[in-house]
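A.B. asks: Sending over a structure as structure tokens; questions will come in a sec.
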């Protein structure tokens, strides 16, 4: 026990959302339906953006990357959860658990950074419309997406490395449907002080930093829109931001509720429900939110259907 990387468990048991046998089939069908909608909706959005020339703009480049991140984000957790519903052991290997943790954190951070980049895109488009093509060049957009990828992997690497240093003794049952940070820390038999400290410092900086950037961007956007004399012009400007703000509210509302609290006050039951919101429900809704409130997407879709 002196070596903090020592563990006596070769696998964990993911207890899932519910342990009641009569709820397993309804849960399986519900999550299978949501996962299918998520994959097909986001994949259709990516194909539409790639195949429609007038959608080859910075905003839709970022949106296609967000859709890809949503597919990967949900695919990290849901397929294993669906498999475990009918599995007698509900087991995941130790290394598989760490890999799932890494991928989950990585794609959550990716969505976080991409939402910030998309807010910057809206700021330039509304506050500096004449300079938009000169500022957001293809090269700069590619660099911003690349930075989002690098920062996401570094963020995930830090927290997964710290998780790998924890000791896990007799109890290997995780009352969750995937290897999330707080449920894993709850079953650890070594000190989780450093892990909690990094979640509430570095994690807060990553999440709140991006959120503060989004808020500052939209404060400038609102200020610019209010100076537009016509009501029609104001509505047109605000309508281009509505879908993005809806996704921001869903994502950050559930994420901050889950992680920005002390480990001692974390409730596994409530945590499972809120986690489903930002890991399954929000990625499923994103393509519909962006499509239903976006004339370019709807126009491109109608052309493809014809």
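Every residue number used here counts from 1 along the chain in the order it is shown.
Glycine residues also receive a Cβ, built from the backbone N, Cα and C atoms like all the rest.
Note: TrEMBL annotation is automatic and uncurated.
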A.B. asks: Transmembrane segment per TrEMBL sits at which of 169-191, 238-260?
C.D. replies: 238-260
A.B. asks: Using Cβ atoms only, state whether the transmembrane segment (272-292) and the transmembrane segment (60-79) have three or more pairs under 8 Å that are 6 or more apart in sequence.
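C.D. replies: Between the transmembrane segment (60-79) and the transmembrane segment (272-292), which are separate recorded stretches, there is contact, as judged by 3 or more close Cβ pairs.
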A.B. asks: Sequence gap of 6 or more, Cβ distance under 8 Å, 3 or more pairs: do the transmembrane segment (99-120) and the transmembrane segment (25-48) meet that?
C.D. replies: no
